[in-house]
Amino acid sequence: MTQPIQLIVGLGNPGPEYANTRHNAGAWYVASLAERYNGSLREDPKYFGLTGRIQINGQDVRLLIPTTFMNLSGKSVVALAKFFQIPPESILVAHDELDLPPGVAKFKQGGGHGGHNGLKDIINKLGNNNQFHRLRLGIGHPGTKEQVVGFVLTKAPKAEQQLIDDALDEAVRATDILFTNDMTKAMNRLHSFKATA
């Protein structure tokens, strides 16, 4: 990894009515990181989100959960990245992923938005730069395109949620490896993991 990660963003929608919905998987990951590394997240209107700072393997990392709605996530990410002069290549964005089953999570750098409105807005607000890293947290697919909105905005059944939580825990552990500057090792660990019921 040439550029060390300086900012980790967890995507979701604000408010208690969305807190436990599948679309907030990215936000759960950042909250888990804050907890594991004894950080705290606080509302920061300047960056339109909850922000915090932690240290992972001696490296200083900023955390951000945008409090804008999902399709406006770029506003928050760019505000913070611009202020601290963090290039896209040093940003990791965690998000829910329809194309992976619950219990699976994968790191990736660059690529399109795959129809994800949060990623779409971030790419757009970064001036069409898609070179940031992603953590894709599998939530599964409802089967048809028409069902997607209702699916991501509802809670997963208990058994599915357990799989998502297990993959989240593994992603947090793999993040530790990521900060030894070994993306390949972190990917190998996370990509070989699949939670089972």
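Numbering starts at 1 and runs along the chain as it is shown here.
A Cβ is built for glycine as well, from the same backbone N, Cα and C atoms used for every other residue.
Source: prediction; values computed, not measured.
Annotated site 'Discriminates between blocked and unblocked aminoacyl-tRNA' per Swiss-Prot: Asn13, in sequence order. What Swiss-Prot records for Tyr18, Phe69, Asn71, Asn117 is tRNA binding site. The feature active site, proton acceptor is assigned by Swiss-Prot to His23, with sequence analysis given as support. Per Swiss-Prot, site 'Stabilizes the basic form of H active site to accept a proton' is recorded for Asp96.
Overlay of Swiss-Prot feature records on the structure.
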{"residue": "Asn13", "record": "site 'Discriminates between blocked and unblocked aminoacyl-tRNA'", "Cβ within 10 Å": "21"}
{"residue": "Tyr18", "record": "tRNA binding site", "Cβ within 10 Å": "17"}
{"residue": "His23", "record": "active site, proton acceptor", "Cβ within 10 Å": "22"}
{"residue": "Phe69", "record": "tRNA binding site", "Cβ within 10 Å": "16"}
{"residue": "Asn71", "record": "tRNA binding site", "Cβ within 10 Å": "12"}
{"residue": "Asp96", "record": "site 'Stabilizes the basic form of H active site to accept a proton'", "Cβ within 10 Å": "26"}
{"residue": "Asn117", "record": "tRNA binding site", "Cβ within 10 Å": "18"}
Exercise. Cα within 10 Å of Asn71 (tRNA binding site) is the criterion; apply it to the recorded positions Asn13, His23, Asp96 and give the hits in sequence order.
Key: Asn13
Quiz item: Taking the mean position of the Cβ atoms of Tyr18, Phe69, Asn71, Asn117 as the tRNA site, which residues outside that list, in the same chain, have a Cβ no more than 8 Å away, listed in sequence order?
Solution: Asn13, His23, Thr68, Met70, Leu72, Ser73, Gly118
Quiz item: If H, G and I count as helix, E and B as strand, and all else as coil, what does DSSP give for Asp96 (site 'Stabilizes the basic form of H active site to accept a proton')?
Solution: strand
Exercise. Go through the binding-site residues Tyr18, Phe69, Asn117 and tell me which ones have a CA within 10 A of the CA of Asp96 (site 'Stabilizes the basic form of H active site to accept a proton').
Key: none
Quiz item: What subset of the recorded positions His23, Phe69, Asn117 lies within 10 angstroms of Asn13 (site 'Discriminates between blocked and unblocked aminoacyl-tRNA'), using C-alpha positions?
Solution: His23, Phe69
Exercise. Looking only at C-alpha atoms, tell me how far Asn117 (tRNA binding site) is from His23 (active site, proton acceptor), rounded to the nearest Å.
Key: 11
Self-check item: Per DSSP, three-state class assigned to the residue listed as 'active site, proton acceptor'
Solution: helix
Exercise. Give me the Cα-Cα distance between the residue listed as 'active site, proton acceptor' and Phe69 (tRNA binding site), rounded to a whole Å.
Key: 11
Quiz prompt | For Asn13 (site 'Discriminates between blocked and unblocked aminoacyl-tRNA'): DSSP state (helix, strand, coil) | solution = coil
Quiz prompt | Structural state of Asn71 (tRNA binding site), classified by DSSP into three states | solution = helix
Practice problem: Let me know the DSSP-derived helix, strand or coil state of Tyr18 (tRNA binding site), please. | Solution: coil
Practice problem: Taking the residues Tyr18, Phe69, Asn71, Asn117, which the record names as binding tRNA, find the longest CA to CA distance and state it in Å to the nearest whole number. | Solution: 16
